[in-house]
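All remarks here apply to the structure that follows.
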Amino acid sequence: MIKIVGLVGWRGMVGSVLLKRMQEENDFSRIKPVFFSTSQFGQDGPIINNISYNILENAYNIDVLKEMDIIITCQGGSYTKEIYPTLRKNGWKGYWIDAASNLRMKNDSVIILDPVNYNVIEDSINKGIRTFVGGNCTISLMLMSLGGLFQTELVEWIAVSTYQAASGAGARHMIELLNQMGILYKSVETDLLKGSHSILSIEDKVTKISRSVNFPVKNFSVPLAASLIPWIDTEMSNGQSREEWKGQAETNKILGTKDTILIDGTCVRIGSLRCHSQSFVIKLKKDVSLEDIEEIIRNHNKWVDVIPNSIQDTLLKLTPSSVTGTLNIPIGRLRKLNMGKKYLSAFTVGDQLLWGAAEPLRRMLNILINI
């Protein structure tokens, strides 16, 4: 029987990417979609595959939401906080798929990344779990790249440095970054075109403008263009940022590990638009040849791509500009470190809006509609 699927937050950045992927994979032919809105209910809905969905339902109408077999939401944490418990208290037994982080660590939820933890997902469905939540973007991208090493239980611990895109903070942040870039360029455009000023004088002008009170920093609080921000999310009592705390907590929940795999590091915001990059130092449980490591990683899933550790391959294939908008998960800079034969270096890049956000939700929907 075709399931009725409610879609909430489909106009936003993650929701828009989700809808595009669903159209590309012809997912709408397998469901009866109902589109909801928090602010424009009653207005015309979208046109999907030449089918017009005329009326947007009220995303706060519990009675209508209760009619859904599945609800998939990219509306954000505030919506989840208000609606999810109310729905459950009103007896709704449907499946809830969520991009927001609120429910990730709840005992009655599963963090979804089926190429990595399909067995965990399948087991949870059989046990009656009905809440499925997308993971933190960097963690999902890490697991997609290193999934083979986790699957073969080779990882003792990981130290990670992230280089996270503006998209992870939201659409307004992306716009602010581009505005910052534009202001900095315009301030020295004439100097660059004429070539009459030294680069140091140009740099000095750029720096002064980025420090001025009129520079747009409403969203990031500080300049990101021509800079970086070595803190993401809130502050924890142990000195970690919450983004750094998620690394170990969410990874172990996703994998369903009995013994905790230690993961820690520093999360940094950079001027990339929508691709996160990560640098890993991995302590292996035993010495494994680099050739075998590459084979283990390569064989885990069809999206991961082992990049040869050469200058040319790295520059061409292991950058945000080469990965943005694709499902590819390149991993490179693979080499043993001077610390010993069990110490491995790796670097990976992935699209924050695809495998980092929308794609696990889409794939979870397909798992549920096939039940």
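Including glycine, each Cβ sits where the backbone N, Cα and C put it.
Around CYS137 (active site, acyl-thioester intermediate), the C-beta neighbours below 8 angstroms that are at least 6 residues distant in the chain are GLN164, GLY168, HIS276, GLN352, GLY356, ALA357. Taken from Swiss-Prot, the feature active site, acyl-thioester intermediate applies to CYS137, supported by sequence analysis.
In the three-state DSSP assignment, the secondary structure recorded for HIS276 (active site, proton acceptor) is strand. Taken from Swiss-Prot, the feature active site, proton acceptor applies to HIS276.
According to Swiss-Prot, the NADP(+) binding site annotation covers ARG11, GLY12, MET13, VAL14, THR38, SER39, GLN75, SER167, GLY168, GLN352. Cβ neighbour count for ARG11 (NADP(+) binding site) (all protein chains, 10 Å cutoff from its Cβ): 18.
For ARG104, LYS246, the entry in Swiss-Prot reads phosphate binding site, with the evidence type sequence analysis. Taking Cβ-Cβ distances under 8 Å and a sequence separation of 6 or more, the neighbours of LYS246 (phosphate binding site) in its chain are ASN136, THR138, ILE139.
Residues or ranges marked as substrate binding site in Swiss-Prot (evidence: sequence analysis): GLN164, GLU243, ARG269. Its own atom aside, the Cβ of GLN164 (substrate binding site) has 25 Cβ atoms within 10 angstroms in the protein chains shown.
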Mapped DSSP class for THR38 (NADP(+) binding site), helix or strand or coil: coil
Position of peak Cβ density within 10 Å, selected from the binding-site residues ARG104, ARG269: ARG269
Between ARG11 (NADP(+) binding site) and ARG269 (substrate binding site), the C-alpha gap once rounded to whole angstrom: 25
Cβ neighbours of HIS276 (active site, proton acceptor) where a neighbour is any other Cβ within 10 Å: 28
